[in-house]
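What TrEMBL records for this protein:
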TRANSMEM  252-275  transmembrane segment
TRANSMEM  319-345  transmembrane segment
TRANSMEM  351-375  transmembrane segment
TRANSMEM  387-412  transmembrane segment
TRANSMEM  418-440  transmembrane segment
TRANSMEM  478-497  transmembrane segment
TRANSMEM  509-530  transmembrane segment
TRANSMEM  542-566  transmembrane segment
TRANSMEM  578-607  transmembrane segment
Amino acid sequence: PHPPKPPYPYPSKFINTTLMCTKFVKEMEKMALYVVVLLIICYASPARSDGSDHKYKSGDQVPLYANKVGPFHNPSETYRFFDLPFCTPDHVKEKKEALGEVLNGDRLVSAPYKLDFLYDKDSEIVCKKKLSKEEVSQFRSAVAKDYYFQMYYDDLPIWGFLGKVDKEGKSDPSEYKYYLFKHLHFEIFYNDDRVIEINARTDPNALVDITEDKEVDVDFMYSVKWKETKTPFDKRMEKYSQSSSLPHHLEIHWFSIINSCVTVLLLTGFLATILMRVLKNDFVKYAHDEEAADDQEETGWKYIHGDVFRYPSHKSLMAAALGSGTQLFTLTIFIFLLSLVGVFYPYNRGALFTALVVIYALTSGIAGYTAASFYCQLEGTNWVRNLILTGALFCGPLFLTFCFLNSVAIAYSATAALPFGTIVVIFLIWALVTSPLLVLGGIAGKNSRAEFQAPCRTTKYPREIPPLPWYRGTLPQMAMAGFLPFSAIYIELYYIFASVWGHRIYTIYSILFIVFIILIIVTAFITVALTYFQLAAEDHEWWWRAFLCGGSTGLFIYGYCLYYYYARSDMSGFMQTSFFFGYMACICYGFFLMLGTVGFRAALFFVRHIYRSIKCE
């Protein structure tokens, strides 16, 4: 007698592996949720000063750290505070910094000023210093480039300029006068036993002429004035976020949203009217009298039902792009959730960079699962190579860009150059978290055995695509597809750029989230519309076209980078230029992958829907 057939179509070993992978993916989802909750708990509370609870008694030493100096118009080009010949304290103490703070270019060291709690000081001398010719030249170069300094007092930021240039009545730059500020006034507001606010201003009368290369004697001084305020401690950071919530700014933001909403309504109304009417006519014709459908330009999508689900060329690359795009989309959603619950309040140093690194590492399993699952649906066999491609598709260009820009920062001795220890930490996160999760997600995706749900059978030989006009080519279609989503977000882009590549503070995350939702909707709809018109012209190679059209908004954003750099900013110098265009290229590439995935998924859903609604021969 024959042995009884097993109750499952696959061996028990395969079933156990699948169950284990499924359980593992669920456990990783729980772990990712726990990590996000921990991030919220860690960052929603204000940063602590050396373990302090921000409560002080009269005469207590309040931590004051000098952070960095640099040209005001070049936010990436910053240097250590004592790279300039300031008064150096006897014992320079470096503050231990988190990963995000180091990535942000912060290098906090103990400042030469002593601002003890509730102790006023008047013209206290920090040090008397004789500046050499080289030091005078160094200060003059800094003043000419509008150098500013940044400090943190009880985790409150302080800014100020190093000096000023007297250009009044002088047309020739060689006649300009350069002055160094030598007296700093600190005005500190307190409420009971807590520091609430601090302002630093320079004395316009206490100047040192550093126009000529000669030795100069300087008495660096500072004054401290304490004032009482009624502002509660938990509202002391609101001062920094109010600038982006001023009425005239809010009006512009709401105008941006209304503009975007009108775009969405017009687009969706147009698509709903056109597509529903056309598709309804198509369905009626095909259901009653298929031979009556003579107008192939309008109803030609029916005639390519045997080719429309033919798998695309370079399917491994497509699966990898979809995996990376899905991961970046998930990352963006998590970042928005953290911002909406108040994690990224102003000057929470490094919180955004820490969140980006941690969440990207934890979501790599999503990329592996999506890529391997879709690759196997397309009957791909070399899933290991597909996983390697998925892992390298976004991280590869980012790593190469980082290597070049970090080398530039090292050459400039800037704080943007990451220390070797930080690079090792990032490598370990990639090696011990990102890569294993990517592989495990890929194994789970491969073993999911999901089938590609094609409503129509694919013919053995592909149908020839008829000649098409130039405007139906890939590049003109990408230009049309990218323009509408970009027009819905371009007003908000200025404020984001001014925050990331300037000193403006952006805190209206709710409005930004609404704009992001509008961007996703417009991208999906415009890709669906262009896919329908492509199929109606009997062009069945829609897979890559849908992805490229969806992602083309990223190219428009990079085009906006060129406009912003030359027309809206005062950035200059090789380092700042390379940082701006280098990292913006990576960000726009990420947008390309993410929005390309959104566009493709929407187009795939639409194509399946319309071909499922007709009887295919």
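A Cβ is built for glycine as well, from the same backbone N, Cα and C atoms used for every other residue.
Sequence-distant contacts of the transmembrane segment (478-497) (same chain, six or more residues past either end, CB-CB distance under 8 Å): 244, 249, 252-253, 255-256, 259-260, 263-264, 267, 504, 506, 511-512, 515, 518-519, 522-523, 526-527, 530, 548-550, 552-557, 560-561, 564, 568-569, 595, 599.
With a cut-off of 8 Å on Cβ pairs spaced 6 or more residues apart, the transmembrane segment (387-412) and the transmembrane segment (578-607) reach 3 or more such pairs and are scored as touching. Across 252-275, 351-375, 418-440, 509-530, 578-607, the stretch most heavily in contact with the transmembrane segment (319-345), judged by Cβ pairs under 8 Å, is 351-375. Here the transmembrane segment (578-607) has long-range neighbours at 76-77, 308-309, 321-322, 324-326, 328-329, 332, 393-394, 397-398, 401, 404-405, 408-409, 416, 481, 485, 501, 519-520, 523-528, 531-532, 535, 542-543, 546-555, 557-558, 561, 565, 571, meaning same-chain residues at least 6 beyond its ends whose C-beta is under 8 angstroms from one of its own. Listed by sequence, the residues of this chain that lie at least six past the ends of the transmembrane segment (509-530) yet keep a Cβ under 8 A from its Cβ atoms are 253-254, 256-257, 260-261, 263-264, 267-268, 271, 274-275, 332, 336, 339-340, 344, 477, 480-481, 484-485, 488-489, 492, 496, 545-546, 549-550, 553, 595, 598-603, 606.
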